[in-house]
Protein chains: 2
Amino acid sequence: MTVVLKLGGSVITDKDRPETLDGDALERAAAAVASVDSDTDLVVVHGGGSFGHHNASEHGVSTTEGTHDASAALAIHGAMTTLNGFVLQRLLERDVNAVPVHPFSVAHRDRDGRLSLPTGQIRTLLAEGFVPVLHGDLVAHEGAGATVVSGDELVADLATDLEADRVGLCSTVPGVLDDAERVIDRIATYEDVASVLGESESTDVTGGMAAKVRALLALEASASIFGLADLDAFLAGGEPGTTVE
Amino acid sequence: MTVVLKLGGSVITDKDRPETLDGDALERAAAAVASVDSDTDLVVVHGGGSFGHHNASEHGVSTTEGTHDASAALAIHGAMTTLNGFVLQRLLERDVNAVPVHPFSVAHRDRDGRLSLPTGQIRTLLAEGFVPVLHGDLVAHEGAGATVVSGDELVADLATDLEADRVGLCSTVPGVLDDAERVIDRIATYEDVASVLGESESTDVTGGMAAKVRALLALEASASIFGLADLDAFLAGGEPGTTVE
C-alpha cells in the first residue's frame, strides 16, 4: 500500500507571520504520521506556507516567473529547507524514519513548464523503510531560471509515478465546501463542483481548491481532502472530508 | 565546454579535526572558480573531508555498509550539507552563481551498488547559468539502507553522463607521484603507474589514488589531477599536474 500525504503549508505554519511554524499543528500531524503501520509505504509532501510564499513573492518568483540569481534562489530554497528541517525533526522525535528529498536537487521543468521528477531514489528509500519528505521548493526551469514547484504539483506527479493507492491532502478546511459551507462528500467529475469552485481554467498550481480538485480528478488513485482533525482517520484507512474519485 | 571540477574534501577541510573547515584553502578555491568565464558550463563536486568521513565512520556507514536509521542518516547527510553550505557561501560571495544539488535527494544504488544519478536538473541548471555544486553524501541503496557516495564516484558518473570535455581533481598532492615523489606528467594506461600505485583491484571508491586513476582512465574526457596551487591553471585551460588520457 503506497500513500502520498500532503501536509498543507497553511496547516503547519502561521500564514500571517513570515517564517513562523504552527508548532501545535505540526505536533498533531507528526503524531498522526507516527501511527501509520510500517507496512505502508508513506511519502510526505509539505507546502511552503509562510516560509516559502513570503520569500518567493519578495523575489518576484512564482511557478512561471523565475530567477536566474543564485542568491535569490538560495533565499527561497533555504526558507523551504528550514521548514523541511522542522518537519523532519518532529517526525524523528516520534520515531518516524523520515529523510529529506529536496525537489530543487532532483526535478526540473522544460520550456513549457512540464515537471520532470525522477523517483528511483524515492522508490529505493521506501523499499528500505524510510519515509521520504518532500516540500514545495524551487526547480530549474528551461528558459526561466528557477521557478516555484508547489506541494500540490509534487503530490500529483508522485501519485501517478509511484502508482499510489491513496492520496490525502490535509488542508485548513475540512473538505470541499458547498454554498452552505457543508463538506461535499464525494466528487466524481468537475461538473459536480463547478457551481461552487467556478469554471475557471486557471493554471495556478500553487493555488486554490479548484486546481486541487482538477489535479486529483486526473489521478488513478482515490484522493481525500480533509482537515487536520481528520488526519488520523485518513491514515487509519478512512475517507474523511471530501473524496475525489 | 563542460567542465567537472572536484574539490577534494581534504583540500577544503582540516582532515585531522572533525567538522573543521580549511577556510584559507576554500577561499583560494572559490577565487579560482570565480575566474572561470561564463561560457563554460561548470559543475563543482566536493568531498566530505572531515565533515563526512568522521560522521560516516562513527555510524559504521561506508559505500557498502549502510544504515536503515533515519537519525544516523541525517547526522551524516547533515554534516555533508553543512560543508556544502560553507562552500556555496564562499562561492556566492565571489559572485559565482552556485546552487546546491544534494545527491541524497536524487541518486540511488541498486542491489549491486551501481549508482543512478539523473542529471536533467543539472543540465537545466547549467543551461540557465547556474553552477551546480554536488558533494559526497549518502544515497538510498537497495538492500543496504543508505550508503556513502564519494565525490570521486559522482565526478566519474557526471563526466560520463554530461559528456564533459574536461575533468579536474583538485587534490592535496600536486599530481600522481612516482617512486621519487616527482609528478608523473601523463598516464595513458594503468600499466604506466602499476609499479607506483599497486596492482590492487580494490573497489574502494572513496579511496586512494589507484581508484581515482582507474576511474579517470575509463572516462572519455581528458582528466587532470593537481594541487590547489594549480587550480587556476587548470581552470584557465591548462593541464597542470598529472594528465590522465
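Glycine is treated like the rest: Cβ placed from N, Cα and C.
Listed in TrEMBL:
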type	residues	note
BINDING	B:Lys6, B:Leu7, B:Gly8, B:Gly9, B:Ser10, B:Gly49, B:Gly208, B:Lys212	ATP binding site
BINDING	B:Gly48, B:His53, B:Gly151	substrate binding site
DOMAIN	B:1-219	domain 'Aspartate/glutamate/uridylate kinase'
SITE	B:Lys15	site 'Transition state stabilizer'
The largest Cα to Cα distance in Å among the residues B:Gly48, B:His53, B:Gly151, listed in the record as binding substrate, is 12
Return the count of C-beta atoms lying within 10 angstroms of the C-beta of B:Gly208 (ATP binding site), excluding that atom itself.
13
Which one of the recorded positions (B:Lys6, B:Lys15, B:His53, B:Lys212) has its C-beta surrounded by the most other C-beta atoms within 10 angstroms?
B:Lys6
Spatial separation of B:His53 (substrate binding site) from B:Gly8 (ATP binding site) - C-alpha basis, Å
12
Residue among recorded positions B:Lys15, B:Gly48, B:His53, B:Gly151 with Cα closest to the Cα of B:Lys212 (ATP binding site):
B:Gly151
Pull out the binding-site residues from the set B:Leu7, B:Gly9, B:Gly49, B:His53, B:Gly151, B:Gly208 whose C-alpha sits within 10 Å of the C-alpha of B:Lys15 (site 'Transition state stabilizer').
B:Gly9, B:Gly49, B:His53
Neighbour count (Cβ, 10 Å) for B:Gly9 (ATP binding site)
25
Confidence summary (mean pLDDT) of the domain 'Aspartate/glutamate/uridylate kinase' (B:1-219)
93
Cα of B:Ser10 (ATP binding site) to Cα of B:His53 (substrate binding site), in Å and rounded, measures 10
Write down the Cα-Cα distance for B:Gly151 (substrate binding site) and B:Gly49 (ATP binding site), rounded and given in Å.
10
Going by C-alpha positions, which of the binding-site residues (B:Lys6, B:Leu7, B:Gly9, B:Gly208) is nearest B:His53 (substrate binding site)?
B:Gly9
Taking only C-alpha atoms and a 10 A limit, tell me which of B:Lys6, B:Leu7, B:Gly9, B:Gly208 are near B:Gly151 (substrate binding site). These are the binding-site residues.
B:Lys6, B:Leu7, B:Gly9
The largest Cα to Cα distance in Å among the residues B:Lys6, B:Leu7, B:Gly8, B:Gly9, B:Ser10, B:Gly49, B:Gly208, B:Lys212, listed in the record as binding ATP, is 16
Return the residues near B:Leu7 (ATP binding site), defined as same-chain residues 6+ apart in sequence whose C-beta is under 8 angstroms from its C-beta, sorted by sequence, else 'none'.
B:Ala29, B:Val44, B:Val45, B:His46, B:Gly47, B:Val87, B:Gly151, B:Cys170
Top Cα neighbour of B:Gly48 (substrate binding site) in the set of binding-site residues B:Lys6, B:Gly9, B:Gly208:
B:Gly9
